[in-house]
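TrEMBL has this to say about the protein:
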- His146: active site, proton acceptor (ACT_SITE)
- 44-48, 54-56, 126-129, 218-219, 242-244, Cys262: NAD(+) binding site (BINDING)
- Cys154, Cys157, Cys178, Cys181: Zn(2+) binding site (BINDING)
- 16-276: domain 'Deacetylase sirtuin-type' (DOMAIN)
- 360-409: region 'Disordered' (REGION)
Amino acid sequence: MGNEESSPVDESVLPRTLSGRTLEALAEYMKSGKASKIVVMTGAGISTSAGIPDFRSPETGLYANLARLNLPYAEAVFDIAYFRENPEPFYALAHELYPGKFRPTITHSFIRLLQDKGLLLKLFTQNIDCLEREAGVDDDKIIEAHGSFARQSCIDCNQPYPEEEIKRHIENKEIPRCHHCKGLVKPEIVFFGEKMPATFFQNQSLPMQADLCIVMGTSLTVQPFASLPGMTREQTPRVLINKERVGGIGSGSDDVLILGDCDEGVKRLAEACGWLEELEALWAKTVPKVATDLGKPAEVVKKDKDEALDDEINKLTKEIDETLSLSKWHEEKVRSEAIPASSGNGTLNKASGSGIAVSVARPHENSGGNLDHVYGKQTTAQTLASEGLASEENEKQSGAAAQEGDNKN
Ligand SMILES: [Zn+2]
């Protein structure tokens, strides 16, 4: 299962089902109609190109941005005990991540394509972003191992809460309360300290029925999800479309590795199957769909631009902050040496001046001036918390911050 042999299969071992362990042989198998019950397993790596931040990566800045929310540790945002006392940080995050703000990737559309062709047995996803749903994969085909934003209920009496109402609350940055008992309402994302959905355990052995297993964009480190590919029969071909080899895939006689960018790998596979045009047409439809859902197509375009701009500003701010702290140090040194702030100092003042201008543009975003300090502190806290949680988490077999260790494609 999770601990299966991880060394690559010996080349002398002949595949049992495929004609070879290549993309072409896989495509031949898929086109032949012999793969009619496909299980797909996904993680954060299929959503990063949609702009969904990888929760565990310090570089993407999600946890760094959470520093603004004054969390005791970054993962607290997904901790049920913390949520009971302080639901605000989660709702601030929900405001950023709520479905409808992101466009599915071509990889999500590929899963939809498999469904349309009647080949999808089940999709197991660790993602909470609902992008499979946005791409048109049906509810009964999806097992969200760590829950998702698709449903919401009261954390005390478990009463379901209307979708339209939570949407409105999240848009307005308000905390929704149960109509029955006034308890806190929460999207059914599995938080730390909560059980995984029953549907996961009910379907956990389903991969045994599959005639093809496709694993995409996950590091397969979070149990029990990571054991799913090991549930397939020995002769069942397994494909890994991922940045790197993970979870022992590649050790089986019929394992095929398509390493690299997820979307690229999917396109290559679709092309080899002769489905690329169909796939691209399907993906193209996700643009107007998102726009219609929002009812504000302009906002979608604007958001993309804003995001790009935001990235730029973040990068710039960080660079300038570094320069600035150097400049400040220099300035103080110069002052302490009692040189009048005139001609000799001009360059220095200009440099720090422009730094301040940019810095002041976003001071509230950085919860104070010293960005590096905050980031540094945050990263340490995050590392500590992750280490603590990692072992605890595997035991508990839960894990909301589902995206743990997932591939950051
Ligand atoms: Zn209630």
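Here the Cβ of each residue, glycine as well, is placed from N, Cα and C on the backbone.
Automated prediction, rather than curation, is the source of TrEMBL annotations.
Overlay of TrEMBL annotations on the structure.
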residue : record                       : Cβ neighbours (10 Å)
Ala44   : NAD(+) binding site          : 29
Ser47   : NAD(+) binding site          : 29
Asn127  : NAD(+) binding site          : 25
His146  : active site, proton acceptor : 27
Cys154  : Zn(2+) binding site          : 20
Cys157  : Zn(2+) binding site          : 11
Cys178  : Zn(2+) binding site          : 18
Cys181  : Zn(2+) binding site          : 12
Thr218  : NAD(+) binding site          : 30
Lys243  : NAD(+) binding site          : 16
List the binding-site residues Ser47, Cys154, Cys157, Cys181 whose Cβ sits under 6 Å from any atom of ligand 1, in sequence order.
Cys154, Cys157, Cys181
Mean pLDDT, the domain 'Deacetylase sirtuin-type' (16-276)?
93
Closest to Asn127 (NAD(+) binding site): which of the recorded positions His146, Cys154, Cys157, Cys178, Cys181, going by Cα position?
His146
Given the recorded positions His146, Cys154, Cys157, Cys178, Cys181, state which is nearest to Lys243 (NAD(+) binding site) when distance is taken between Cα atoms.
His146
So which other residues, same chain and not among Cys154, Cys157, Cys178, Cys181, have a Cβ within 8 Å of the centroid of the Cβ atoms at the Zn(2+) site?
Ile155, Asp156, Asn158, Gln159, His179, His180, Lys182, Gly183, Val185
By Cα-Cα distance, the member of recorded positions Ala44, Ser47, His146, Thr218 nearest Cys178 (Zn(2+) binding site):
His146
Distance check, please: Cα of Cys181 (Zn(2+) binding site) against Cα of Thr218 (NAD(+) binding site), rounded to an integer number of angstrom.
39
Which of the recorded positions His146, Cys154, Cys157 has its Cα closest in space to the Cα of Ser47 (NAD(+) binding site)?
His146
Give me the CA-CA distance between Cys154 (Zn(2+) binding site) and His146 (active site, proton acceptor), in Å, as a whole number.
17
